[in-house]
Amino acid sequence: MQRAKEVMKVSDGSLLGEPGRTPLSKKEGVKWQRPRLTRQALMRCCLVKWILSSAAPQGSYSSDSELELSAVRHQPEGLDQLQAQTKFTKKELQSLYRGFKNECPTGLVDEDTFKLIYSQFFPQGDATTYAHFLFNAFDADGNGAIRFEDFVVGLSILLRGTVHEKLKWAFNLYDINKDGYITKEEMLAIMKSIYDMMGRHTYPILREDAPLEHVERFFQKMDRNQDGVVTIDEFLETCQKDENIMSSMQLFENVI
């Protein structure tokens, strides 16, 4: 419950902010700067917490503020290549891999594991549907399993990628059937799944019609040719022109 409250203090539960609303820093006359993800922020990521809790040696104390773990013996093949592909350090990759292998000895994560992770971090709500959508976004080839390489590449984009990279990833998440377009039904399904995951014990209390209102506002702004769908170009252009959406990219860490 506490985690949901922390999330809701800075977000309405969406992966993108409210379109057209001026950020607080802008109102105060302060120039907005894209937030830099700190190690502390990285440690708030559910998937990272899950991995590192398993990476820590048995009986040892693991601090939330410390990502690098000592005595890492596991190492994935092509570590240097992964370091080049991501924005994680070598020690971070080693730590993530150790936990990954401890939790998933086969080297693959399945959808049930994702659902278990999110049910643990969001016990006050129903995280099943959101975990399903998130898993499919990580499962690039659609084979029902996620390799470590795909896992950390996705995490790198979400946690340390550029705004453009995060927006492309968000589009892929919303594009549930992967046809290259986002429909109102698809965006509404994602929004509802996030609100369901947050549960009814959040602050401020969420209205049941909030997801639909959110989607209607976004489509009014994004669907420029009024054809009922949003393309990747419409999505990127609209989001990057909206300062509130840009600043809200940091909120990915709250539901990943």
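Placement of Cβ uses the backbone N, Cα and C atoms for every residue, glycine included.
Listed in Swiss-Prot:
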type	residues	note
BINDING	Asp175, Asn177, Asp179, Tyr181, Glu186	Ca(2+) 1 binding site
LIPID	Cys45	S-palmitoyl cysteine
LIPID	Cys46	S-palmitoyl cysteine
MOD_RES	Ser14	phosphoserine
MOD_RES	Ser60	phosphoserine
MOD_RES	Ser63	phosphoserine
REGION	243-256	region 'Interaction with KCND2'
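Sequence features annotated in Swiss-Prot and their locations in the structure.
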residue	record	DSSP (3 states)
Cys45	S-palmitoyl cysteine	coil
Asp175	Ca(2+) 1 binding site	coil
Tyr181	Ca(2+) 1 binding site	strand
Glu186	Ca(2+) 1 binding site	helix
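Across the region 'Interaction with KCND2' (243-256), the prediction's mean pLDDT works out to 62. Counting every protein chain shown, the number of other Cβ atoms lying within 10 Å of the Cβ of Cys45 (S-palmitoyl cysteine) is 21. Just so you know, the Cβ of Glu186 (Ca(2+) 1 binding site) picks up 20 other Cβ atoms within 10 Å once every protein chain is counted. On a Cα basis, Glu186 (Ca(2+) 1 binding site) lies 24 Å away from Cys45 (S-palmitoyl cysteine). Listed in chain order, the extra residues whose Cβ falls within 8 Å of the Cβ center of the Ca(2+) 1 site residues Asp175, Asn177, Asp179, Tyr181, Glu186 are Tyr174, Ile176, Lys178, Gly180, Ile182, Thr183, Val229.
Over all protein chains present, the Cβ of Asp175 (Ca(2+) 1 binding site) has 22 other Cβ atoms lying within 10 Å.
Between the C-alpha atoms of Tyr181 (Ca(2+) 1 binding site) and Cys46 (S-palmitoyl cysteine), the distance comes to 28 Å.
Of the recorded positions Cys46, Asn177, Asp179, Cys46 has the largest number of other Cβ atoms within 10 Å of its own Cβ.
Neighbour density for Tyr181 (Ca(2+) 1 binding site): within 10 A of its CB lie 18 other CB atoms from the protein chains shown. Counting in whole angstrom, Cys46 (S-palmitoyl cysteine) lies 23 from Asp175 (Ca(2+) 1 binding site) by their C-alpha atoms.
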